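Residues annotated as thiamine diphosphate binding site in Swiss-Prot: His87, Gly128, His129, Ser130, Gly160, Ala161, Asn188, Phe295, Glu377. Residues or ranges marked as Mg(2+) binding site in Swiss-Prot: Asp159, Asn188. Swiss-Prot lists 1-21 with the feature region 'Disordered'.
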Amino acid sequence: MPTTFHEIPRERPLTPLLDSANTPDELRRLAEADLETLADELRQYLLYSVGQSGGHFGAGLGVIELTIALHYVFDTPDDRLVWDVGHQAYPHKILTGRRERMGSLRQKDGLAAFPRRSESEYDTFGVGHSSTSISAALGMAIAARLKGEKRKSVAVIGDGALTAGMAFEALNHATDVGANMLVILNDNDMSISKNVGGLSNYLAKIISSRTYASMREGSKKILSRLPGAWEIARKVEEHAKGMLVPGTLFEELGWNYVGPIDGHDLPTLLATLRNMRDLDGPQFLHVVTKKGKGFAPAEADPIGYHAITKLEPVTPSAVPRKPSGPKYSNVFGQWLCDMAAADQRLVGITPAMKEGSDLVAFAERFPERYFDVAIAEQHAVTLAAGMACDGVKPVVAIYSTFLQRAYDQLIHDVAVQNLDVLFAIDRAGLVGEDGPTHAGSFDISYLRCIPGMLVMTPSDENELRRMLTTGYLFDGPAAVRYPRGSGPNAPLDAGLELLEIGKAIVRRQGKGAALLVFGVQLAEALQVGEALNATVVDMRFVKPLDEALLRELAGSHELLVTIEENAVMGGAGSAVSEFLAAQNIIKPLLHLGLPDYYVEHAKPAQMLAECGLDQAGIERAVRERLDQLRA
């Protein structure tokens, strides 16, 4: 069984076996008897490397044995291995030639937090969002068939990701086309129970064997000649298996279900995977793992150890940390509790982001009004629409990048019917080390084009609180988009204050250029305003715009500058351009925002500097444009 560690090593551990297995080809040269020692070394090295870089933690510890077994049994990268989401892919990265670069994980120009096709031939599909692996692996299996190639496609998906409808759509389609593929359910949501032991492992070996498959097909041919005999035999078989394994659903969908087996038992994993590798058609293997396996603190607190920050140096830096305010998600969580206490109609809905969106306190105080729908963004939005139809006031707490998955429901089910649903959109803008798959780069663009939608962008924590109240009481759909991380520590209202809809506020009066800020770049814009004696406006509302103020500013300034942490294309700057054009107002404009490419992972400050959205970048761009206009 795996060795249990109790501390994250600060010094690089000795890993002689791991050092000899830089690639899967080298891994496959090791004796099978050495693999359990390799697993211990890989687990210890993972602890060390994530301690140096920070990153997703518990999921990778839980798939050490499975990762070794997959690369040992399958001929990767010729056999296609697709990881769902990618939180668990760090051991895979270590075993596929990237061990020496793990220290650069999630850093600028370093390894990505998730599998990336551009990073390694072993990363067969880029991921970050959940529940895509089965569809992708199915596509690869069909491509292999069309090209006459004899290779396997393997999808590894977690029990949480399997709750999404997309996963079941793929499961259903795979059996319809008879795909030659293997789906592995990495079930780390339950402990290894009594049925995941010797008997279950033994049964899995039998069921997955070619002998069993041949006998089953032979029996089917013989019994099919007798009226009703095969159907009776099939039901007897399913009943016998059902007493020991929970795979009836997958069998009914047409998959050959095997398991559950202990995902930390390497001999059983190897034997079962070898058997299933040699079977044709859609195969489904259920493995049970423990998140955080082999690291005692993570086993005890898998949620807390889902991801960790890098270890602090033993001798702390003498440079004091800059004080900051509460996280925007914490401000939302407190507002939600305050508004729920004031209005019994309020309900909170989240697609599996209870901790990330800070609904923990709300769920504890108002459990009957809290709904975690799991990874089901489409359902979350239409559920909210149904509630709103009958007088309930839903607040959907969702990350910007995940709301993209429910865009049709947002328009068709909420906006077209003008329903009172508030979208609290967390992680808007750049998100740092998680990279482009998790960035909220497009929400202003895809929200502002929806008729009747109220769209707001706070500049600080108190503005967020006021906008949430304003959106909640708005007659129709409303969205407040706010970033990851902490605010500037603005004083918070004690009560629930409203904003005048569509009303911006001039934060600094100047001349020459007017900086129109949509969001949290207000502090940087004010610094630029001081340097250039420019006007600075906290726009607050993307939709509706403060049209009267825009007319006034266009008439009194040389240049209008829009600043937003959203794609420039179709963003708030575009809204200003469209308004001025409709009013036949010709005015020089400068749009600052996210460029027309995916900004790669780095520290947030590095990403903002790359995009010209830090104080220096904004000032430089405005000076250059003013110089051009005045030349």
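Cβ atoms are placed via backbone N, Cα and C, with glycine included.
For the pair Asp159 (Mg(2+) binding site) and Asn188 (thiamine diphosphate binding site), the Cα-Cα distance reads 7 Å. For the recorded site, His87 (thiamine diphosphate binding site), the DSSP three-state label reads coil. When Cβ atoms from all protein chains are considered, those within 10 Å of His87 (thiamine diphosphate binding site) total 25, not counting its own. The binding-site residues examined here are Asp159, Glu377; by Cβ neighbour count within 10 Å, the least packed of them is Asp159. Here the Cβ of His129 (thiamine diphosphate binding site) has 21 other Cβ atoms within 10 Å, regardless of which shown protein chain they belong to. Figure note: comparing Cβ neighbours within 10 Å for the binding-site residues Gly160, Asn188, the maximum is reached by Asn188. Mapped onto three states, the DSSP output places Glu377 (thiamine diphosphate binding site) in helix.
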